[in-house]
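Taken from Swiss-Prot, the feature region 'Large ATPase domain (RuvB-L)' applies to 1-193, supported by sequence analysis. The ATP binding site annotation in Swiss-Prot covers 32, 33, 74, 77, 78, 79, 140, 141, 142, 183, 193, 230 and rests on sequence analysis. Residues or ranges marked as Mg(2+) binding site in Swiss-Prot: 78. The annotation region 'Small ATPAse domain (RuvB-S)' is assigned in Swiss-Prot to 194-264. According to Swiss-Prot, the region 'Head domain (RuvB-H)' annotation covers 267-355, on the basis of sequence analysis. The DNA binding site annotation in Swiss-Prot covers 322, 327 and rests on sequence analysis.
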């Protein structure tokens, strides 16, 4: 694939059920990455669209339009960026939005690109404004204006940039400014995985890692993985530890269930903190409504952790509803905790994500 440079600012997260990379997980995660669109599991619509974009560019002998990959963490945006470069036979340069604090940081990176290179900017919604404004011109006209000097004597020197393809990844497409978003010729929206797709991901990972994984065990892990391949692979490694230490190393369905109970991952993929949030919401606040800051204090966590890590899955799973007055526990949340929902519980008589 040629040159590879990484300057990513992934912030480690220690929770088993967080879709963010954990400390020391990067190398393992990289070993499991697919190397081509053919190896990439899931996201069939995105794969088809990308194949057309890339094949069209190769047939013309040019560079593809700039590509934006949008979706929750852990779904394979970084893997797709690497695949894009590999499919084009191009070199890949990797950085992240938070790492580009000044326009000069970006100018230095752009000036080192050669024709047909792929520049991947992770968390592109967090790029500093001066760097973002420089990126506009680079994306459109393949040049940048570098300001030399200060004050009235400052001069702008135009520098040519080799034709390249920018691949941006974001978990918050709404946080992108309009001018930046409009400069991407193609946007891929990535969705959570179906359990059957995660079973295929797990089977592939087990083969690479030399793990003996039964089909029923794979299904058990998949349905607790929040629709996220990164979480599925992490749970696979934790279950492997359990199987090797407390059994014969073979992962059966029962072994998977016992292991996930040890790691506090329940049958719906909720972990200790998720259940603590639901417990506080139902037992301490009568089901709500309650503000996220108050809820965070009740469980001893930062409000941003509850809002950005726990809440999205709990809302998607039908456990919590957002209202103008605050968060409310649904009937499914009460039932999941083994309690009878009140008569006025949100969603009473309706089915949730896992029903």
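We number each residue from 1, going along the chain as drawn.
Just so it is clear, glycine is given a Cβ too, placed from its N, Cα and C backbone atoms.
These figures come from a predicted structure and were not determined experimentally.
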### Query
Quick one: Cα separation, residue 142 (ATP binding site) versus residue 327 (DNA binding site), in Å?
47
### Query
Can you tell which of 142, 193 has the most other C-beta atoms within 10 Å, given these are the binding-site residues?
193
### Query
Within the chain of residue 322 (DNA binding site), which residues six or more apart in sequence place their C-beta under 8 angstroms from its C-beta?
315, 328
#### Entry: Distance from residue 327 (DNA binding site) back to residue 140 (ATP binding site), taken between C-alpha atoms, in Å
43
### Message
Tell me the coarse DSSP state (helix, strand, coil) of residue 74 (ATP binding site).
### Response
coil
### Summary
Taken over the region 'Head domain (RuvB-H)' (267-355), the predicted model's pLDDT averages 84
### Summary
Helix, strand and coil residue totals from DSSP for the region 'Small ATPAse domain (RuvB-S)' (194-264) stand at 51 helix, 2 strand, 18 coil
### Task
Ten-angstrom check, please: count other Cβ atoms within 10 Å of the Cβ of residue 32 (ATP binding site), all chains counted.
17
### Message
So, three-state DSSP: helix, strand or coil for residue 140 (ATP binding site)?
### Response
helix
### Message
Excluding near sequence neighbours, so keeping only residues 6 or more apart in the same chain, what lies with its CB under 8 A of residue 327 (DNA binding site)?
### Response
281, 288, 289, 290, 291, 292, 295, 311, 320, 321
